[in-house]
Structure formats: structure tokens, C-alpha cells
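For reference, Swiss-Prot lists these features for the protein:
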- 91: active site, proton acceptor (ACT_SITE)
- 97-340: domain 'Radical SAM core' (DOMAIN)
- 104-345: disulfide bond (DISULFID)
- 165, 166, 197, 219, 220, 221, 302: S-adenosyl-L-methionine binding site (BINDING)
- 345: active site, S-methylcysteine intermediate (ACT_SITE)
């Protein structure tokens, strides 16, 4: 069995090359070919010695993921469904905007956290993705979009680990992938432009702060433990006082001077003025008094079958945002993107609900021609 080079950060690739009797600079050349130029054929790598290319052909490969479907929303959002084997699929979403291109990447097939408002959580958990499978989503999207655009310029400027799965429950694979994204010989993204979203895995938040601090988003969704226990079951293990303390510790290392709190607006559940006032009391104090330097991103709920939940009316969202803003908390309302192709926040299970349906859907989708990006 040969080794997939997408599984390595630069240090890992250097160690691999050294085992082949090669110098570290060869790893840097190889790394650039893979991540900056999107090469998977060693014969394309013209500045590598022929002897090294022959060695690589015998022991290594560059294996991306098979895109078994691609859908383009009316707003330009692109969603890919990738086959990760054994009846599992993950979804990746590209969101184009005037000043940036953001890729939303999955870290797990399914999710074990089970948030009530998230369709992916209702799918259940299948397995962690490997480092190579996490990076393959970026590798595929960047080079496919760049090739189709035709000018060779970078397309993806921001990465958010907000797809399927809880990234911090796949820590061993996540951190090497983040390092490749940040490496100047890889994708060269700024730490401020790479965001890890977590539902609040407190010990791993502390480790990430030490190992690879990038921008952090926390799925908050409730202003008190009673409600959050119901919406985000992980809160029963790491309640709000522990979560906020971890956020304050993270800010000592973070590339941004604030934490983004994500808050899914659910009609009659967490969208009342009293909930906003509780949030202000929870985070709006000075850090020494238990507050957190933060901004809020209010997310309209994207309904899915059997959720039993409804999207908050626009007027309720506006009033909620105004209360937070009046208290001096920077607050935005997320624009819903890609909901016509089930690519919006919380929809990333699509209609993939269990392993049987995954297999049935893959068999069907492999007969469908992939649509071009426009």
C-alpha cells in the first residue's frame, strides 16, 4: 500500500522524504507542487530529480476525493458531495462574495454532538476524516475553481471548519490540516482567515490555543445552561461557565481579539428579548467579571423534516440583534446562502440520513453528469 501525501503537513512530508534518503528542500518542492499547483502526477513535477520521482511512484500517491455530485445555487454557492468510502459521504460548500471566497469544510462523516437544530447531527456519526480527506476538500475546490476561472489566481481566501462534524473531536487530523492551510508553501492563508467552529469541547480548545491558534467560533445558541443542555447536549459535559473560561483563555493566543458566538434563531425557543438580556449579562461584562470579548452571528434556522423547530420571524431577529447592539456587542445576521441546494448552515446532511440511503444516493448520483461552476 502506498502513502497518500495529502496526509502530511510540511514537517511530516520532510520526514517522509528523509526516509527516502532525500533532503528537506525536496519536501518543500513536492509540497508546493501538490498544494500550490494541484499536481497529483509525479511526472508533472519537473524540478524534482528523476530518481526521486521514480521512488515516489513506488511508494506514494496524491489521492483527492471523488466528487459524486456538484450543485450550484442561484446565488452562486457551490456544494460538492464527496465519497469517503464505506457508504459515507461528506459535503463541502464554496460561498463566493465580492471581497472573498469562503470554503466550508467537513471534519467528520456525520456528527456525534447531536444539536437539535442541525440536520447533520440527526444523521448520526460514522467516522472521523483523515488529514488527507480534510485537505482534499480544499485541494479539489481550489484547483477546480481556479482552472474553470482560467486566470490561475487564488479563488479561496477563507476557510471555515463549519461543515459536517465537530472539528475538535477529530483533533489529531485537524491540526496538521490547519498547518497546511497556513503554510506559505501550501495555501498561505492568514490565521485570521481560517476559522474553527466548535460546540464547546473545552480541553481541545485549550490545546488548539497552544498548538495552532486560528480564529475561533463557538456554537452558543442559548444564554443559560438549562436551555443549552437541551439544544447542545455537549453542554451537559462542559457547561457555560467552563466554556466561557476556555474562550477567555483562548483569546490570550488568538489571531483575533474576539470570539465569534454563533446563535441559531429558533422561534419561541431562544429568540425572546429575555434571552437577549441573558446573553448580555452572560458575555457583556468585563473579562475580569466573567465576560468575553466577542461578536455575535445570528443565524436564521434552516428547517428540515422532523426537527420540530421553526425559523424566527425576521422582525424577531432584528429586534434581538438590536438589543445586543445597544449593549455594545457587535452583532451581525448571517445571510442565508445556498439554501435552495441544502448548503445553508445546519443543512449539511442533505438527504443523506443513514448508510443505506448513502449507498442508494451514491449509486444514483454516479450516473449524473457533474454540473459546471458558473
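Placement of Cβ uses the backbone N, Cα and C atoms for every residue, glycine included.
As the structure is a computational prediction, the values presented were derived from the model and not from experiment.
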For residue 221 (S-adenosyl-L-methionine binding site) and residue 91 (active site, proton acceptor), what Cα-Cα distance in Å is obtained after rounding to a whole number?
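On Cα coordinates alone, these residues lie 23 Å apart.
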In whole Å, how far is residue 104 (disulfide bond) from residue 166 (S-adenosyl-L-methionine binding site) when you measure between their Cα atoms?
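If we compare the Cα positions of residue 166 (S-adenosyl-L-methionine binding site) and residue 104 (disulfide bond), the gap is 13 Å.
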Round to the nearest Å and give the CA-to-CA distance linking residue 220 (S-adenosyl-L-methionine binding site) with the residue listed as 'active site, proton acceptor'.
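The Cα atom of residue 220 (S-adenosyl-L-methionine binding site) is 23 Å away from the Cα atom of the residue listed as 'active site, proton acceptor'.
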Determine the mean pLDDT over the domain 'Radical SAM core' (97-340), rounding to the nearest whole number.
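Averaged over the domain 'Radical SAM core' (97-340), the predicted model reaches a pLDDT of 95.
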In Å, how long is the longest CA to CA span across 165, 166, 197, 219, 220, 221, 302, which the record gives as the S-adenosyl-L-methionine binders?
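Roughly 19 Å, rounded to the nearest whole number.
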Take the Cβ of residue 166 (S-adenosyl-L-methionine binding site) and count every other Cβ within 10 Å, whichever protein chain it belongs to.
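I count 27 other Cβ atoms within 10 Å of it.
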Considering only the binding-site residues 197, 219, 302, which fall within 10 Å of the residue listed as 'active site, proton acceptor' when distances are taken between Cα atoms?
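Checking each Cα against the residue listed as 'active site, proton acceptor', there are no hits.
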